Each structure stands twice: as structure tokens, then as C-alpha cells.
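Participant: TrEMBL feature annotations, pasted as is:
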- ASP58: active site, for OMPdecase activity (ACT_SITE)
- LYS60: active site, for OMPdecase activity (ACT_SITE)
- LYS60: active site, proton donor (ACT_SITE)
- ASP63: active site, for OMPdecase activity (ACT_SITE)
- ASP9, LYS31, 58-67, THR117, ARG179, GLN188, 208-209: substrate binding site (BINDING)
- 3-224: domain 'Orotidine 5'-phosphate decarboxylase' (DOMAIN)
Amino acid sequence: MNKLFLALDFPTWAEAEQFLRKHELEKIPVKVGMELYYREGPMIIEKLKEMDCPIFLDLKLYDIPTTVYRAMKNIARLGVDFVNVHALGGGEMIARAKEGLSSGGMDTKLLAVTLLTSMDEERMTRELNMKGSLAENVVHLACLAQKNGADGVVCSVHEAEQIKKACGESFLTVTPGIRSEKSATHDQKRIATPAIAKEKGADILVVGRTITEAENPKQMYETMIKEWEL
Ligand SMILES: O=c1ccn([C@@H]2O[C@H](COP(=O)(O)O)[C@@H](O)[C@H]2O)c(=O)[nH]1
């Protein structure tokens, strides 16, 4: 799979829709996160399906296994392409998420967030008191996710190669923190360009502000796709 999902980080559907239409980006794969989903609810998924957009619903569930199972049963009905949990919720939570999702019979793929791309090794050690290197922890969480039924993980480009080695080629690596050579890093710490993502074997790119805040979003989108597909 070789896809770029645009992070639709807008406060309302009206703003997201206006952006997509203004820049002729209808029908592209999109990621809906907490900001938009908590405002608009499931309606947003219907609207994007009407536009024929592949959808990654990025809600990052993290709760006790039963609660996640029940929430996933509801999410399963939406028929999105991807949904995710935090791998740090543990194996049982991931397995119950998969169970809840499977009840929908819609072939939604389950991803597990390893360590957020806004986290670096220094803060992981100092603030979270986690031992080992960041890459070791990410690969460990990827293996845990795989063992418990996840179809792939959200990680940074920099761990994609090691995850593929540990979990196999078909285990998906979905990578946010994508930036062009010149764009601002914002709050992201583990960043990479689409060209590096390709080199490292990442399957799916997630790009938000580099495109949505660009002077010419359509041109930036096309440039990133080109760099990714070359
Ligand atoms: O580890 C993670 C998990 C999710 N995200 C999400 O991806 C986008 C990235 O947006 P940019 O503007 O390209 O930084 C955003 O919606 C995050 O919630 C992530 O960045 N890192």
C-alpha cells in the first residue's frame, strides 16, 4: 500500500469541506482526528464517504478492555478503512479492540499507536521513565500489537524498517510527522520527508499542516505524492 492520508485537522466540517473543495482535493484519502470527530460526530464519516474518500478515523482509544471493545463495536458500524488504539493500553485491550471491530464485518483495519511522533527519546526517558531506546520501545509495542491482532502501527518513519524486520512486510507502518525539506516542524519531534519515508519502507504517510498551511496546498500535496511515489 502506498498512500498519503491528509490530516483534516479543522474545527468544523464546514471548514474541512471548504478546504477540500477549494483546493480540488475531494476523493483523496483523509484522516479524521479528535478535533473534527468530537465536534461533528459520525455525520462527518457519512459526508466523507459521499465524497468517496478513504478514511482513517484517528481516535486513539485508550481505556479498559471492555470499554474499548464496546466503543469499537460502535465504530465498526461506520465502515471506515482504519481506526486506532494506543498500544500502551496493553495486549488485552488491543485484542478486545480487534474483537469489537470484527463484529462489524466491514474490514476496518486496526492500527496501534506506538509512541507519539511528538515524543523524543530524552522525554520518553525523563518524563515517562521508560527504559531502553525509543526505537526498542516502539518495536516492542509493534510486536505486542501484532500478537494481539492489530493490522499495523502508527510510528515514525525512523522505526519503520525495524518494525518490518520484526513483524514482517505485511504489517502496516503508518507514519505521521511528515515534513517537506523547508516546512516548520511544529510540535513534532520524529519527522521525515516523503523521500526518506519511501527509502525506509513506510506504507502510509499522514500529512497535516505541511499541506493545510501551505501557500498552495494542492501543489504541496502533489509535490509530496510525487516525492513519495518516485
Ligand atoms: O504519533 C502520532 C499519531 C498521530 N498523529 C496525528 O497525525 C497528524 C499529523 O499532523 P501534522 O500537522 O502533519 O503534524 C495529526 O492529526 C496528529 O494528531 C501524529 O502526529 N503522531
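Glycine is no exception: its Cβ is also placed from the backbone N, Cα and C atoms.
No curator has checked TrEMBL annotations; they are predicted automatically.
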Participant: Let me know the model's mean pLDDT on the domain 'Orotidine 5'-phosphate decarboxylase' (3-224).
Facilitator: 97
Participant: Could you round the CA separation between ASP63 (active site, for OMPdecase activity) and THR117 (substrate binding site) to a whole angstrom and send it over?
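Facilitator: Computed Cα spacing between ASP63 (active site, for OMPdecase activity) and THR117 (substrate binding site) is 21 Å.
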Participant: List, in sequence order, the same-chain residues at least six positions removed whose CB sits under 8 Å from that of LEU59 (substrate binding site)?
Facilitator: GLY33, MET34, TYR37, ILE75, VAL83, ASN84
Participant: When the Cβ positions of the recorded positions ASP9, LYS60, ASP63, THR117 are compared with the atoms of ligand 1, which fall under 6 Å?
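Facilitator: Among the recorded positions listed, those whose Cβ sits under 6 Å from ligand 1 are ASP9, THR117.
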Participant: Express the distance between the Cα positions of PRO65 (substrate binding site) and ASP58 (active site, for OMPdecase activity) as a whole number of Å.
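Facilitator: Answer for this pair: 18 Å between alpha carbons.
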Participant: For a quick check of packing: other C-beta atoms within 10 Å of the C-beta of ASP9 (substrate binding site), how many?
Facilitator: 16
Participant: Only counting partners 6 or more residues apart, tell me which same-chain residues put their Cβ under 8 Å from the Cβ of LYS60 (active site, for OMPdecase activity).
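Facilitator: LYS60 (active site, for OMPdecase activity) has long-range Cβ partners MET34, ASN84, VAL85, HIS86, VAL113.
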Participant: Sort out for me which one of ASP58, ASP63 has the most neighbouring CB atoms within 10 A, since those are the active-site residues we care about.
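Facilitator: Most Cβ neighbours within 10 Å: ASP58.
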